Ligand SMILES: NC(=O)c1ccc[n+]([C@@H]2O[C@H](COP(=O)([O-])OP(=O)(O)OC[C@H]3O[C@@H](n4cnc5c(N)ncnc54)[C@H](O)[C@@H]3O)[C@@H](O)[C@H]2O)c1
């Protein structure tokens, strides 16, 4: 029988504390909130009243219910008022000594059954628990900001937490309409640990000029469906807060990837804290404003970089698979003449049929006219001869992901395509410079990494090895924008932007699961609910395919030799066992056979 929580205490009525009070009171629980002095207590009450009034104004709460909710809350400046509560949640500032003092004082005031919970984001629950005389009754209860809105609550256990206490607190969170997850006591818990490692890596890419801030952010938004890019998110969180969390993580893990990127310290020292100070990675209209304004790092729009551009009207596509078909369709739809080189006539006709089918769907949905369909199809010309690509201004290679095969294609293109044309590869994992080196014109070779399905996904990573001429990169950026895609520029390193940021994070999640730190369901839920990601890491790995993921992780590891990039053994074992994800019916999870 789960424990009754009729009365709870909250210590600290700041941003988080006031929100936590609201969550409990909304759930019908009597709350006693304690602040440090009367002024802070009054401020806390104002926050609570304003937040609940907003809920009434938005018709999320009835006016009567608001009155009842406020009637359940009493606010004091004396910890002694917490003598008879069933649970206390501490939400005072993030300083170990301060929190430890609060818990030591609570130990003397509260009855022996009272559970103590801390809302700390990064401090050790174990260290706090030993400052009480009841370590087995201490847990983390990590709410997210704003607490009344965010569903995720990380319930943190230590090695001595009583299992009943853990399940009681978890059930309480469920009864309050939250989605709790349970995890061990590691700095950052689940969501921040995975999130900040990724954010720190993105900051490192910016710092090393691997890609620009707009491009890093657009890559993760358009490539992964993230609600915000990493640098915009850093600005929202605050660089000082992010630094503290990373620093705590690093001190505990000694993991180099948690060591805050050096530029963070410099920016903080210079007062660039993010949105709150009006400047961080971006510049804002005013301190606290969400509106980004242009500054000296803002890139020119595609096509307006200055310098030369090459004319592009006729586009060649080499290959007949999923990507080649999608890419040919996208170019033809945008008015380019497209020559598709296939190995056989049947394969060439297959591409045309594939494009026709896709266009037909658009006609049925009323998104394309019949004449638009016919004109688009008339622009696509299949051929089996490389010679027919001679007059192309741009050729996009999309054959099998095999270096020898691609190099042979580039050799053949080099023989026939007119001088001055741009030769692009859509490889997702091979070095673009290897394709460039297979020609006598490496300056003209560039990567154009489309995402699947090419007709839908907006992102194209434009990969320029050290050999690529600047006008080639600029031309391809403008051409990409002209076909309705979002170009981002990056260097020629394994994983480009998206995979280089995505797969280490997926690997970290796998290692977390392997260490029995939390369950797959809880890790997925934490990343979906806490970070607003479209899918949790294991759901995503199962969709991508574990064999494909393993290959990408291996290539990242081989390129960077960062210890944390080495694929987690659990992934290797699942692949060896033939559990490849959704496509085989089993991966991290089991799926119903279709
Ligand atoms: N802000 C976030 O996004 C977020 C999210 C999750 C967890 N947290 C964690 O929640 C905790 C609180 O953060 P916050 O953002 O609400 O901070 P805050 O500064 O807004 O609020 C802290 C409150 O505690 C009060 N306080 C200080 N000493 C006290 C004492 N001895 N007794 C009673 N009250 C005292 C302060 O007057 C202040 O009102 C921190 O541990 C933080 O890491 C923050």
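Positions of Cβ are set from backbone N, Cα and C atoms, glycine also.
Since we're looking at a predicted model, the values are computed, not measured.
What TrEMBL records for 8-185, 315-492 is domain '3-hydroxyacyl-CoA dehydrogenase NAD binding'. Sequence annotations record features per position, and here TrEMBL assigns domain '3-hydroxyacyl-CoA dehydrogenase C-terminal' to 188-284, 495-591.
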Helix, strand and coil residues within the domain '3-hydroxyacyl-CoA dehydrogenase C-terminal' (188-284) as assigned by DSSP: 66 helix, 4 strand, 27 coil
Summary of DSSP states over the domain '3-hydroxyacyl-CoA dehydrogenase C-terminal' (495-591), given as helix, strand and coil counts: 66 helix, 3 strand, 28 coil
Average pLDDT across the domain '3-hydroxyacyl-CoA dehydrogenase C-terminal' (188-284), rounded to a whole number: 97
